[in-house]
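S.K.: The following feature annotations were taken from Swiss-Prot:
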ACT_SITE  260  active site, proton acceptor
BINDING   26, 132, 167, 260, 263  glyoxylate binding site
BINDING   79-81, 108, 130, 158, 236, 258, 291-295, 314-315  FMN binding site
DOMAIN    1-365  domain 'FMN hydroxy acid dehydrogenase'
MOD_RES   184  N6-succinyllysine
MOD_RES   194  phosphoserine
MOD_RES   230  phosphoserine
């Protein structure tokens, strides 16, 4: 009999008990000493809610839009690689859950299901593609063309990964894909991270990135990508106001404030703490989103109050997959949705339009752990 899980932490604890250690460690871990990993979550507690009273919250409307597309709630699924390690259906289960709830899914380029397979599994789902810039630009171009062909609505280009962060658990575990899996969007065994290939004795993924991803990428490559497609493009991994302004200058359509789940450079700020700087920098010219550390409905409310249009969740989704596949993902999203609805109501917000910065203040006594 399956246990009763009622919050995101419950799902993680269950996943830890059922997933192979190397797979759980891959999903859970951050870079180096994991200071930023802890701070991504802890930082939300430094921001306190100041609710409004007597605002008639008998009915609440959670719906909003992301890059012009309607979603049932400002909680979307972020790019999480290789989801079939958590459940046999992987990304297909995730997109079906998103379709059921009316929210969006960002598909990782490193998915264990292809762009086409995910589109076929969730034909009515709002889908976006996360993109890396490969040394072979034709590989990148092909991914973009596949996304366009299959009805994906935007490209989220990752800008924080010229090399892979130093993830100690992956080094200790000599992380590789299980033998039956590969990255399905690539044809060659090297690009598909096939277990048949030799990726060394440390983190296989770090070796993969060193072989395949271009560390020389610059704003010139963003210009190239902007010319390549008419789809909206969002810069994923921005943590500075000047970089955000540069992204706007280069014609990008959004900023995803992200530290890659604290998996790249340890010691960077929690995303919720830098969100106000990014929002101020773009001056309303593009939409701003956030990922990193979102585990509760109050986290969503705080992010929106500080200017995010929506948040993206990653690890909670794979914990849901590990529990019960599509139903597990749906349950995780339903929990976050209901927690967010309750937080809105208890803060006097009938809809997301009335959520603003007057709802939150940073605790003056709080000190970052970094």
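Cβ coordinates are placed from backbone N, Cα and C, and glycine is handled just like the others.
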S.K.: Please report the three-state DSSP label of residue 184 (N6-succinyllysine).
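M.R.: It is coil.
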S.K.: What is the separation, in Å, between the Cα atoms of residue 81 (FMN binding site) and residue 260 (active site, proton acceptor)?
M.R.: 12
S.K.: Looking at the recorded positions 132, 167, 184, 230, 236, which ones sit with their CA no more than 10 Å from the CA of residue 260 (active site, proton acceptor)?
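M.R.: Checking Cα-Cα distances against residue 260 (active site, proton acceptor), the recorded positions within 10 Å turn out to be 236.
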S.K.: If you count other C-beta atoms within 10 angstroms, which of the binding-site residues 26, 132 is the most crowded?
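M.R.: In terms of Cβ crowding, the pick is 26.
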S.K.: Can you tell me which of the recorded positions 79, 184, 230, 295 is spatially closest to residue 132 (glyoxylate binding site)? Compare CA atoms only.
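M.R.: Minimum Cα distance from residue 132 (glyoxylate binding site) across 79, 184, 230, 295 lands on 79.
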S.K.: If the glyoxylate binders are 26, 132, 167, 260, 263 per the record, what's the largest distance between their Cα atoms, in Å?
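M.R.: The glyoxylate-binding residues span at most 19 Å between Cα atoms.
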S.K.: Note the mean pLDDT of the domain 'FMN hydroxy acid dehydrogenase' (1-365), expressed as a whole number.
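M.R.: A mean pLDDT of 98 is what the model gives the domain 'FMN hydroxy acid dehydrogenase' (1-365).
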S.K.: Count, for each of the recorded positions 130, 194, 230, the other C-beta atoms lying within 10 angstroms of its own C-beta, and report the residue with the smallest count.
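M.R.: 230, out of the recorded positions 130, 194, 230, has the fewest neighbouring Cβ atoms within 10 Å.
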S.K.: Please report how many Å separate the Cα atom of residue 295 (FMN binding site) from that of residue 194 (phosphoserine), as a whole number.
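M.R.: Rounded to a whole number, the Cα-Cα distance is 32 Å.
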